[in-house]
Amino acid sequence: MKILLANPRGFCAGVDRAITIVKNALHKFGAPVYVRHEVVHNKYVVDELKAMGAIFVDELDEIPDGNTVIFSAHGVPKRVREEARKRGLQVFDATCPLVTKVHMEVHRASRKGQEVVLIGHKGHPEVEGTLGQYDENGTGMYLVEDANQVDSLPVQQPEKVSFVTQTTLSVDETRDIIDALREHFPAIQGPRKDDICYATQNRQDAVRALAPQVDVMLVVGSKNSSNSNRLRELAERLGTRAYLLDDASQLQDEWFTNVNSVGVTAGASAPEVLVQSVIDRLYQLGGSKLEQMDGVIEDTVFEVPVELRV
């Protein structure tokens, strides 16, 4: 059974930065360091940081006064920043800079009195953070999850509306919604540069190239990872049986009955050690040849805050 590895895969610059912020804060200040929400959506990473002394909370009221808090890579609503400021918490912001870019787009649009449509998945932390950037004196911001919802959007000023997208969606699913928005609101304005992040795009392109070449596609990533789910869905849309798994322990022997080739990739929040564990298990299940696919070389680096550089 041939094993083909997608490239690029795994950690992106935003995830790497967020994890480094937590680790460096623990090194500088000692445990505990509080983190609002999972800093990235990966069980292995979160468990590792917990073991080092990080405490993950849902809201700031779970954090005692005088402590350090880190905002996750997904970003937070303005009200959370204001609450932290009022309480005097020491804040380090691990929001991915590409998410911050979307936040600024929403902020600018609301200040201009524009209504804003956010393309994203309800309940995802990034979506909640982005919705929370809209000024209260603005006219309105709306979440849309599929093209069928566009006709029922309660937009009041169709000549003054813009759209933004969650950064971890697939290009395919946003394309249909954007087309519907442009048809329904001809004057709608979009971002100057696509909001889908470079790492999400690169990993999807790698799966798009690899999936048709294999019998089974494995995506290493956690169930609550948006970009990992999109990779699995993309492979399935291309006609390849695909599975999302946290680690090698979730591999099932029957997946590989009469399988001659298997593709492996990883979501942007999944560490390479988990990919390697999957490869090791595939060898035990009959894997005999490992091949690295060609792909985009990523050299983007996002700096951590000055106070946490070591």
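Positions of Cβ are set from backbone N, Cα and C atoms, glycine also.
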One of His74, His103 listed by Swiss-Prot as binding dimethylallyl diphosphate at the site of His41, His124, Ser225, Ser226, Asn227, Ser269: His74
Distance from Cys12 ([4Fe-4S] cluster binding site) back to Ser269 (isopentenyl diphosphate binding site), taken between C-alpha atoms, in Å: 7
Listed recorded positions Cys12, Cys96, Glu126, filtered to Cα within 10 Å of Asn227 (isopentenyl diphosphate binding site): none
Candidate binding-site residues His41, Thr167, Ser225, pick with smallest Cα gap to Cys197 ([4Fe-4S] cluster binding site): Thr167
Rounded Cα separation (Å) that holds between His41 (isopentenyl diphosphate binding site) and Glu126 (active site, proton donor): 11
Cα distance (Å, whole number) from Cys96 ([4Fe-4S] cluster binding site) to His124 (isopentenyl diphosphate binding site): 15
Spatial separation of Thr167 ((2E)-4-hydroxy-3-methylbut-2-enyl diphosphate binding site) from Ser226 (isopentenyl diphosphate binding site) - C-alpha basis, Å: 9
